[in-house]
Amino acid sequence: MATAAAAAFSPISAAFLRRRHRFPLHHRARRRLLAAVAARNEVLELTCEGLAFKGKGVCKPEGSTFVLLCDGALPGERLLARVRRIRRGAFAEAAKLRTLEPHHDAVEAPCPLAADCGGCKTQSLSYAAQVRHKYLQVRELLVNFGRFDPRKLESSDSDDGILKPIVPCDEIFRYRNKMEFSFGTKRWMQREWKEEKDDELVKEEKTEGDGYSLGLHAPGFFDKVLHVETCLLQSEPADKVLAIVQETWMDPALGLTPYDVHKHIGFLKHLMIRTGRNVDTGAPEVMVNFVTSCYKPELLGPLVNKITKIPEVVSIMNNVNTSVGNTSVGEEEYTLYGKPTITEMLRGLTFQISANSFFQTNTKQADVLYKLIGESAGLKGDGSEIILDLFCGTGTIGLTLARRAKHVYGYEVVPEAIADAKKNAKLNGISNATFVQGDLNKINETFGKEFPKPDIIISDPNRPGMHMKLIKWLLEVKAPRIVYVSCNPATCARDLDYLCHGVEEKDLRGCYTLKTVIPVDMFPHTPHIEYDI
């Protein structure tokens, strides 16, 4: 029972989270049957029945129960697709060729690049349908990976059910406060399909071999860039910056070249645009960050002069990344114009944001999320409780709770984030917060000795979730309340299973009861879900 549950397969989650390395017999049998139904490169007529975690369509051939995951397929759509690979987990992946019948809840995507860029996979699906499918994904993961009783998750009385309705986003466009664009030497063109004489559909990917481009990486490619002139997810002032850079940077007289990720030559790597607001006036503040392979400010001068004519731009930075890697974080950072930080308000606090600071990408919806976190924490408000903020980042969650607590202890692996957390505490006059740098994946028996036993633990891990060492420590310390904030419902469901039901093979007993799960849609038109537990 435990082994089967730990290796549970779901057509909605479409993934395995295993405690053991071997697949159960019924999954091996399923894979053999799937191989008999579909072969690699075979073209099949499919019907999409739902959306998997990460946004792939859950598709099935006519009269079959076998699952094929297909990018770009949406619920209710009939389509032709080519089988790309048979996965070990008893399902296949397919590439969409063309639509035979449109999907349910179809709307016209406002962005002409929505089908090609990969950033807005569900833009042609009505927003009401998007949040409905995200809710179903969370429910499916909690049942299959978390081993929670579906009858208790969804009670006939919504007030009694553990799983609450998803919190939608009020603004479904222009909500991102940060966008990162890449310069490239290979321009990705929109996909086209041609029909051969034998009626077999063949994908024809058109690229300009040496076409310079600034935009977003084509899905699945690190070296091909889709040219983007405007993005409906970023702020309007950020769009102004992008437009000026696009119309200027390829002027031969400037001598600017994009970085070639194969030959490791060239100057421009990335363009990052962040939007905050002046906390006194509420006016937008825009930071522009050029990531380059070396420091040559004279090359950027003409661009800087044009960008500074945009009144919202208050900062232009230059991160220098001399490595062959494609990261946007530089070894050195220079201020080319204005100040090195912008500001933003969250739950009544002021936060300074530098070029490489982590900050929630959707500020308005982060305010909603943090309000829910505060309610879930259930602080008495008398200043008597100790909060342990795990994976605290720049301290945003802990600092928003600090004024109602006795003390907040934040723990984070990234040194720069800890430095930002301390600055943010000082900026807001918060003295009852201590931030410690350390790796929560490598804790030992001394962990926890540096702070009192917590009354409330906040855990906001990155996508892989919590390490088993940390799970073990949480089950030993038995804090009265844990608030789990997750950006990956699959690993969150696994961790909740461990905390509530234990880990049999590790001889760990679960000691927690799942009280409330509140999904929050932080990123409309994308498959990403955040939730507060």
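Quick reminder: no glycine exception, Cβ is built from N, Cα and C everywhere.
According to TrEMBL, Gln360, Glu412, Asp460 bind S-adenosyl-L-methionine; the candidate from Phe290, Phe391, Phe523 that the record adds to this site is Phe391. Of all Cβ atoms in the protein chains displayed, 21 besides its own lie within 10 Å of the Cβ of Asp460 (S-adenosyl-L-methionine binding site). Counting in whole angstrom, Gln360 (S-adenosyl-L-methionine binding site) lies 11 from Cys487 (active site, nucleophile) by their C-alpha atoms.
Using a 10 Å radius centred on the Cβ of Gln360 (S-adenosyl-L-methionine binding site) and all shown protein chains, the other Cβ atoms total 22. Just so you know, the Cβ of Phe391 (S-adenosyl-L-methionine binding site) picks up 20 other Cβ atoms within 10 Å once every protein chain is counted. According to DSSP, the domain 'TRAM' (37-96) comprises 1 helix, 34 strand, 25 coil. Here Cys487 (active site, nucleophile) is positioned 12 angstrom away from Phe391 (S-adenosyl-L-methionine binding site), judged by their C-alpha atoms. Taking CA atoms as the reference points, Asp460 (S-adenosyl-L-methionine binding site) and Cys487 (active site, nucleophile) are 8 Å apart.
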